[in-house]
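J.: Right, I'll just put the structure down here and ask away after.
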Amino acid sequence: MVSIFLSHAFRRSLPLLPRSDPAMPAPQCATCHKARAALRRPRSGRALCGACFCAAFEAEVLHTVVAGRLLPSGAVVAVGASGGKDSTVLAHVLQVLAPRLGISLRLVAVDEGIGGYRDAALAAVRRQAARWELPLTVVAYADLFGGWTMDAVARSTAGSGRSRACCTFCGVLRRRALEEGARLVGATHIVTGHNADDMAETVLMNFLRGDAARLARGGGLGSPGEGGALPRCRPLQLASQKEVVLYAHFRRLDYFSEECVYAPEAFRGHARHLLKLLEAARPSAVLDLVHSAERLALAPAARPPAPGACSRCGALASRALCQACALLDGLNRGRPRLAIGKGRRGLDEAGPPRDGEPERAPAPDAVPAF
Ligand code: SF4
Ligand code: ZN
């Protein structure tokens, strides 16, 4: 379904104030003192009208970008556009802020080749590009990765249409595809729409897996572009999922809200469920987790070795092959599970580990949808 869509359950959880309840009229907006408040901000509890909330949300994203020095003036920014709420809000907010930041935007969408899902999501991205008059480039897994689509990967990994491993492959390949697409459009920077809830889920997953290397990399608002990769950042990383949805609601943004057919299999779903329980008991749990990852310091013995370059594509790699090349190698050899297995039967099959490198395979669901 393509629309401004909120499920009944999620709508009930949003801090919207009743529009016309004579018994309990909404308070005045705490900012403009003119309009009736339409929501209560989840963190501050301030009652605001829709216009003042959207202005505050945009100002906070601007502060995140400026204070973090994420996007310098003159940057050509590739927005990873999936058609979903996060990337839709990110593209819209950055378009509003672009004149003040002195940046120009390009939409880059990735077609993973997921039947019954991605076509409708891409249709939403095309409508956004047309409405906002932004250039759009679509890069497809099938073109970039020797004919492999996610549906083909799913068949190969499980012999059926679904597999828990799908998101492992997809996250690694999408990161590569977005990099290729951004280079294609001459971008100097990449932005993705991860919000605070996404980041907290990732931190939780890394803790649950004991993945010290990812915990070490997990903090901050992005990566500066090591090993020749383009700098990446997440301007919505401090915004809660509820506020992202509220912004889309009040700005009447058109986005695609269905879940990927492979998402129910993903380990991320367990972290999401756990996080909801934690948040119910402690409302600041999401941001606390994000900030914990920023402040985390690993003991010297737990620090991963400095990465080198992939012997096949030159990308940053902690083994002889980068994750994307290792996964594709496993697929092409008809042994996809070896590339995601644990321990010595894992990436070692795709290439020997670097000297002194600990045993480690790519983490499932390492990268949420942008
Ligand atoms: Fe890819 Fe996201 Fe679907 Fe997983 S849920 S297969 S990461 S699009
Ligand atoms: Zn490689």
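In case you wondered, yes, glycine gets a Cβ from its N, Cα and C as well.
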J.: Have a look through Val61, Val110, Val172 and flag the one TrEMBL assigns to the ATP site that Gly80, Ala81, Ser82, Asp86, Gly193, Asp198 belong to.
T.: Val110
J.: Using Cβ atoms only, which residues of the same chain lie under 8 Å from Val110 (ATP binding site) while being at least 6 residues apart in sequence?
T.: Gly80, Ser82, Val138, Val139, Ala140, Tyr141, Arg174, Ala177, Leu178, Gly181
J.: Record lists Gly80, Ala81, Ser82, Asp86, Val110, Gly193, Asp198 as binding ATP; longest Cα-Cα distance in Å?
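T.: Greatest Cα separation within the listed binding residues comes to 19 Å.
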J.: Note down the number of other Cβ atoms within 10 Å of the Cβ of Gly80 (ATP binding site), including every protein chain shown.
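T.: I count 27 other Cβ atoms within 10 Å of it.
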J.: Based on DSSP, tally up the residues of the domain 'Cytoplasmic tRNA 2-thiolation protein 1 C-terminal' (308-338) by helix, strand and coil.
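T.: Reading the DSSP string over the domain 'Cytoplasmic tRNA 2-thiolation protein 1 C-terminal' (308-338) gives 13 helix, 5 strand, 13 coil.
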J.: Please give the average pLDDT for the domain 'Cytoplasmic tRNA 2-thiolation protein 1 C-terminal' (308-338) in this predicted model.
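T.: The average pLDDT of the model in the domain 'Cytoplasmic tRNA 2-thiolation protein 1 C-terminal' (308-338) works out to 86.
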